Amino acid sequence: MVLEVSDHQVLNDAEVAALLENFSSSYDYGENESDSCCTSPPCPQDFSLNFDRAFLPALYSLLFLLGLLGNGAVAAVLLSRRTALSSTDTFLLHLAVADTLLVLTLPLWAVDAAVQWVFGSGLCKVAGALFNINFYAGALLLACISFDRYLNIVHATQLYRRGPPARVTLTCLAVWGLCLLFALPDFIFLSAHHDERLNATHCQYNFPQVGRTALRVLQLVAGFLLPLLVMAYCYAHILAVLLVSRGQRRLRAMRLVVVVVVAFALCWTPYHLVVLVDILMDLGALARNCGRESRVDVAKSVTSGLGYMHCCLNPLLYAFVGVKFRERMWMLLLRLGCPNQRGLQRQPSSSRRDSSWSETSEASYSGL
């Protein structure tokens, strides 16, 4: 998945000539294939383009600032610990890195939406791949956290404690490697292309319609459905075990990680439902017309913005739900010269209260 403003296939010169001669094409920015493609002109994109110009730059700029500050704070808190990170904290650190790298690409896409792509094909490939790598990494790392908790609580298997930190490091490396593999189409097929109809240059895919559909299916399955199914399976079994055992201490330890997973589902489900509708239109299962195309384009812009908010939401969840995250943030600010020591003096009692379970296998977040 690349931002929707740039997710369009490119026509070669022969195809453009045929388009102009026969007034035949279907183009979601040029890719609206149907049985009537050869008898009807392409749909106008004025409404969706104007909406993107007004909506996306402001949203991406805000998410860039919030995501950079929030995830930077999470990484700083985790790295400030004097002891080794737990398995879950290590996954969370990688998740913060993934979210940070994703939001770093948003200013580029904001310029693309507001004006046009002015950064050349090389940066187009890098930005698209970087965006997709970290999109997939965020979902897969949450699935890893869920599976870690599942083994730890349901099966009482401390998988990553028996070989720390090698196993968790290898798991994270495997996740990043898989995400890099998923992003190969971006390195190969993305390029800066000047669209004569729009009189603008955009970062676009240059492959056939079937390639676009396949990429969307991959995004839907590998970037959303499979991770969500893993999370749902793991936490359903975890909650069942904890409710039967009445493990209130464990339930408290699970609170933050469950909230983070629920936030992932709420943020990304609307977007992927719209993607599913778009896939069905590509496959001909749903009729494609100009009104529906325009509504889908606008819906993709709005729901993708909601999905990107997830990158900024995690740090807020840590701050409001994670007691130990707040404590360590205050301690970090104190070391950096924060003058508000009165509030910090009240922290140790809470820290002692949590430490009895936060460093055991029952805890979800030893650092947060």
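Glycine is treated like the rest: Cβ placed from N, Cα and C.
According to Swiss-Prot, the protein carries these features:
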MOD_RES   TYR27  sulfotyrosine
MOD_RES   TYR29  sulfotyrosine
REGION    342-368  region 'Disordered'
TOPO_DOM  1-53  topological domain 'Extracellular'
TOPO_DOM  81-89  topological domain 'Cytoplasmic'
TOPO_DOM  111-125  topological domain 'Extracellular'
TOPO_DOM  148-169  topological domain 'Cytoplasmic'
TOPO_DOM  190-212  topological domain 'Extracellular'
TOPO_DOM  234-255  topological domain 'Cytoplasmic'
TOPO_DOM  278-298  topological domain 'Extracellular'
TOPO_DOM  322-368  topological domain 'Cytoplasmic'
In the same chain, who gets a Cβ under 8 Å from the topological domain 'Extracellular' (111-125) while lying at least 6 residues past its ends?
3, 5-6, 52-53, 56-57, 60, 186-187, 190-192, 200-203
Secondary structure composition of the topological domain 'Extracellular' (190-212) [DSSP: H/G/I, E/B, coil]:
4 helix, 12 strand, 7 coil
